[in-house]
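The structure under discussion appears below in the form of structure tokens.
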Amino acid sequence: MASLDFSLTSLTHEPRNYALFANIHRSNSTQISRTALAKLKRIAVSKSSTELIDHSEPTLEDSVQKGETFRANRDVRRRAKHLWSRFRGENREIKPEISESCDFKCRSDSSIDLCNSVLRNLEQISEDETLRFFEWMRSNGKLKGNVSAYNLVFRVLGRKEDWATAEMLIEELISGLGFRVDFRVFNTLIYACYKKGIAKFGSKWFHMMLESNVVPNVATFGMLMSLYQKTGDVAAAEFAFRRMRRLRVRCQSAYSSMITIYTRLGMYDKAEEVIGYVKEDEVVPNFENWLVQLNAYAQQGKLVEAEGVLMLMKRSGFSPNIVAYNTVITGYGKVCDMDAAERMFQDLGNLKLEADETTFRSMVEGWGRAGNYEKAKWHYQKLKQSGFMPNSSNLYTMLNLQAKHGDVEAAGETIEDMRRMGCQYSSILSSLLQAYERAEVVHNVPLVLKGSFYEHILVDQTSCSVLVMAYVKHCLVDDALRVLRKKRWKDYVFEDNLYHLLICSCKESGHHQEAIKIFTHMPKSDSSPNLHITCTMIDIYTVIEDFSKAKELYLKLKSSRAALDMVAYTVIVRMFVKSGSLEDACLVLDEMEKQKTIIPDVFLIRDMLRIYQKCGLHEKLAALYYKMRKTEVPWDQEMYNCVINCCAQALPVDELSQIFGEMLRRGFTPNTITFNVMLDVYGKAKLFKKARKVFWMARKLGLADVITYNTIMAAYGQGKDFRNMRAIVKKMQFNGFSVSLEAYNCMLDAYGKSRQMEKFKDVLERMKASNCASDHYTYCILINIYGEQGWIEEVAQVLGELKQCGVGANLCSYNTLIKAYGIAGMVEEAVAVVNEMREHGIEPDKVTYINLIRALQRNDNFLEAVKWSLWMKQIGISSSKC
């Protein structure tokens, strides 16, 4: 016959918070050892736990998560059958390792009551042994109709958080054995979830309970709502609360939990709805209900209603309570009605209630919020005199008031209070700085920092850095430098980083002279200069245009042979660009390109494109562009615009057209300059159809400007499309643009080169009528066109106008005049122009000599032309195109 031996004396007893059953079966007590019974007598069966399983509500706390819906598993019988397979053994007497000194023996013919008594004892002592004995009971037919045994095991599984096994056992109870399960089974599991704060499984058991048609009791809702209050799951709490009201279950703590959840989330309207349900559902409020109602009204500033609740509370037989009064006082403090708060505070004495730490703390906060330093200070002192400690909010409030009222001595006392409370020095310093920053009196901080507190700051790197950063932020550089000179720690890397942060802080706030002051007061070192600090200073000197100092730092950095990074190269390049030394910028870029490990970012790449464009380095522009295509450089809208604008003269038209099309396909919008550049490119390439398309696109996007009209007009002029050129002029005027000088120049050049002299003169007359002053380009066009026509008198007239208006001829004008004299056969005059140029300090260029040589050749002065060609070679100018 199978039997099971247990030595209860050899197991460790673990005290329990509650027991499922208060009465232990006595009929077979002779088989139970005295030691086991002695241990059982020490097991406390609390009132709350007894009520948990039966009917009443526990006093619990907090909120939920909606559980998943339970559905019966079709193979539940198979799973239940093998549930305890890990505990099964052969059908023989089971003798565990701990049963050597057994005091009693359970046999297969023992009664169910006796087995339950043993199981109950084991549940209090050993979870593993409880599960083993439960399996023995199963194998010996002791579980049929034995819900009590299942309840005991559910307690064990709840402690072990073995929810899967618990679920299978419930399914076994419902489906396998056909038991009628009541709320006690689920309450056992819900209680375990409540104790551990596991809302997910608490909701799960609740939903399974409802699907199993088990009616929850007061304890069920009390535990669930308290659980949901803890976790703040408003949706799950609302679901449980609605179900409770539908079932007409009146759980006082559930109403308190629901009100508390809504109040915490600021959902005051819903909190008031629940307060209304308390009356509607005829729930007799307990002390907790009154308190949460008070809190709900006080939190939203409805203090009249709060005092009304306080009066109802008194009428209901509840004696005045300090917690209730504190709630109302706190509410008055939040709305800054401190006269009412003071009245409530004075009422405490009349009601023979003694103010506690919460009372004083609330009064300090309220008067602090109202800005009454004297009242706040009085309550703060009373708080300490009463033997209470201020909280962190009180301390910060007092510091704010002391900073605002310039009470340096009291601020020092508050700092000492913070130290006595065990606050970290760094935390105290941060609170002090925040308070004085808010009051905009950071300059008073040095007066507060004294004694051991200041000594600690000088020793601690973090505190020291926080303080000097605050000083520099508020332009107290001298104070910051004083702290740095007195510091008592040595960490050169940390110190360099700190100085760099201080310099960057000054730079970002635009205090460049302060940054220079910090830099000049840095400790001198024989080692290599700090790369980051030096680059920051180069940037600062560049901003204030002190290029000599910036170049001096660069040379020091270069002589130290420090390895420059990408940021350093960017700063140095921009310094040379701003100083106008484009050649030096190119040299730095050449040096950077030798460093294979440095990959320029998009900002440096755009700088490189602009520099190469300004220097006319078309080959470098093209090389950089094709290199960008091979690498993973991010192409954004700005990058497309920059590449098109800078590489227009360096890339083939087809490549530029491809870039422009790709930009549009990716959804980027070209800017006005990009549109104008593409118009110019297409116009010079005589791709008028594409030019028109770009022009209409610019107009549609509202990005066409005067230059846009001038550029398309020049394109039509070069293509001798006079009809479209005239139409553009009309559109230009129609859209509110006056005809510009550039537009007139375009028309003059186009009509002149096509020898339509009547229209040429007509444009010239219109130009004069509109009071549009000529520029050098206009005079060059006139000289060129008149020269081509052989109208020397008109050329002389133009020259006269140039002298009259005081503009004077420039290189282009002189070159055009030489060309005109050559066409007119006036060779001597052409040579005289070259001499005149030199007299006026204008050095002839290659075009000057080419025009002169062609003038001589045109008029059969070949010997003179050869002389000038040899002169060109002698001065280093190629004459290949002559």
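For all residues, glycine too, the Cβ spot is worked out from N, Cα and C.
Some features that TrEMBL has for this protein:
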- 182-216: repeat 'PPR' (REPEAT)
- 251-285: repeat 'PPR' (REPEAT)
- 286-320: repeat 'PPR' (REPEAT)
- 321-355: repeat 'PPR' (REPEAT)
- 356-390: repeat 'PPR' (REPEAT)
- 495-529: repeat 'PPR' (REPEAT)
- 565-599: repeat 'PPR' (REPEAT)
- 636-670: repeat 'PPR' (REPEAT)
- 705-739: repeat 'PPR' (REPEAT)
- 740-774: repeat 'PPR' (REPEAT)
- 775-809: repeat 'PPR' (REPEAT)
- 810-844: repeat 'PPR' (REPEAT)
For the repeat 'PPR' (740-774), sequence-distant contacts whose Cβ falls under 8 Å of one of its Cβ atoms, 6 or more beyond its ends: 706-707, 709-710, 713-714, 716-718, 720, 722, 725, 729, 732, 781-782, 784-785, 788-789, 801, 805
Reported mean pLDDT - the repeat 'PPR' (740-774): 83
Outside the repeat 'PPR' (810-844), six or more residues from its ends: residues with CB under 8 Å to it: 776-777, 779-780, 783-784, 786-788, 790, 792, 795, 799, 802, 851-852, 854-856, 858-859, 861, 864
The repeat 'PPR' (251-285): DSSP-derived helix, strand, coil residue counts: 26 helix, 0 strand, 9 coil
For the repeat 'PPR' (495-529), residues assigned helix / strand / coil by DSSP: 23 helix, 0 strand, 12 coil
Within the repeat 'PPR' (321-355), residues counted as helix, strand or coil by DSSP: 26 helix, 0 strand, 9 coil
Residues from the same chain, set at least six apart from the ends of the repeat 'PPR' (775-809), whose C-beta lies under 8 A from its own: 741, 744-745, 748-749, 752-753, 755, 757, 760, 764, 816-817, 819-821, 823-824, 826, 840
